[in-house]
Amino acid sequence: MQFPGRRKKLVGSSQNDLYEHCLQFYGQPPLENISLTEFETFAVERLKLLKTVENLGVSCVKNSETYIKKLDAEISSLNFPLKAELGEQKVQGGISEYEKRRKDHISHFILRLAYCQTEDLRRWFIQQEMDLFRYRFNHLHSKHKTDFLHKNNLKYETVSAEEKKNLQDKLIASSYGLSGTKVEEHDVYKVPFQDALDLVRTRKVYLLAGNAYIPHHEIVTIVLNDFRTRLSKALAMTARSLPAVHSDERLQPLLSHLSHAYVGQDYSIQKNIGKISLEQIDALSGKSFPLCMRHLHKALRENHHLRHGGRMQYGLFLKGIGLTLEQALQFWRSEFVKGKVDADKFDKAYAYSVRHMFGKEGKRTDYTPYSCMKVILSNPPSQGDYHGCPFRHSDPELLKQKLQNYKVSPSGINQILELVKGMHYQLACQKYFELTHNVEDAGFSLNHPNQYFTESQKLLSGGRDIKKEVDTSQRSQENPASVTRPSQANSKQAQEEMGDLDSFFQDE
């Protein structure tokens, strides 16, 4: 495919000019041709990186040793740039620094297309990109920070050693955390005061003759404000061009999928098919179901009916944990006939949709269980519905009561509600896993209800040690797991398939 604009041939020195610095403001869009496969690969891997940034930002103290170690590992494993020097030489078994910078550049613009569509998506994308930019900027050497400022026409001049010496006492008195040694060893930047209003407002800088004197550790605040402003404007412009982009039938399904993307294991492949009996479901719902599925199971048992959104979400989950088509038909029929649906009406109105879900009717597509992002972002529940994510769609007070009923400790409930308040719904579910399974660290990054079930069964069957006592200060930590990229075919068809399946689940 080709990005909008006239294509420029980037060879030799011009390539190095485009990517001469390891960090950029992404002001110039890529103008080269790339394949659809590369388009999807770059986008999914950047999305994995941004999700790691989000998870680590909540579960670890930023810039702590754990945070740095895990984020460095993820950046390296996904082949995004870390080095300040540009080199064409490939490391053994890897790719060159130039190729990493090219990937960083192109993948950012692809996700712009996917995440400019709504205010919530734009807010999430800006926040994660800012956190990633801050991390990378803070780890640049002083020389490369100055090079970046000059390259992007940020006219923040470095204060000379003589001027620093003359102003040393005033700089120390007006800047938090600055000592005489730090003034001598590190750069101080002279910036027009109107560009540093946040720092001026909080009295963190020295002012003289219309300039703010900014210590080396505070310049990132100024650069980040500039980055956020540029990115926010760019996303607004990108949103206006979406109709033209969506007219390309190759890109529209890819971009729609990316904004709800799940980047983990494919649970449409039933590894445990036939290993779960119908008699086990009640017990498993209390031990190994995530809260969303536990809620749906309880509602089904009490009301003997679920509306189409609930049947889709719960039915595909049960398929993913190993129910066969025959078991699924028996399960839904036996429950519905306890309510207002007799066996004949079930066979006429509902059995087809169950067979369709298993790929035995219609297009004979093997439908995939919903990921957390799909549950959180699409088809919110209305009155009388039980589907959705309880951490996202439940009133906090009702969520608190539900957690109390499930014997979650008061301190654990408070931790979950704090994560919900910060809109970290998957981390709230992961904390629920840790509390209900009595482990300090889940040891995985939760992205899918079926992943929750699989990890629970692994733990309960002796896959991990269960701690002896509950730690009331339960720590919420992340250990991003290695995950498999979804196939290109799945991403292209996901929205179309689910829309088609929707039509078969409608109530009369």
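Cβ atoms here come from the backbone N, Cα and C positions, even for glycine.
Curation does not apply to TrEMBL; its annotations are automatic.
Quick look at what TrEMBL annotates:
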type	residues	note
BINDING	CYS292, CYS372, CYS389, CYS429	[4Fe-4S] cluster binding site
COMPBIAS	473-493	compositional bias 'Polar residues'
COMPBIAS	497-508	compositional bias 'Acidic residues'
DOMAIN	283-453	domain 'DNA primase large subunit C-terminal'
REGION	463-508	region 'Disordered'
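Non-local contacts of CYS292 ([4Fe-4S] cluster binding site) by the CB criterion (under 8 A, 6+ apart in sequence, same chain) comprise GLN313, VAL375, HIS387, GLY388, CYS389, PRO390, CYS429, PRO449. Neighbours of CYS372 ([4Fe-4S] cluster binding site), defined as other CB atoms within 10 A of its CB across all chains, total 25. Cβ atoms within 8 Å of the centroid of the Cβ atoms of CYS292, CYS372, CYS389, CYS429 (the [4Fe-4S] cluster site) belong to the same-chain residues PRO290, LEU291, VAL375, ILE376, PRO390, PHE391, ARG392, TYR425, GLN426, PRO449, site residues excluded. The local packing around CYS389 ([4Fe-4S] cluster binding site), expressed as other Cβ atoms within 10 Å of its Cβ over all shown chains, amounts to 27. Around the Cβ of CYS429 ([4Fe-4S] cluster binding site), the number of neighbouring Cβ atoms within 10 Å comes to 27.
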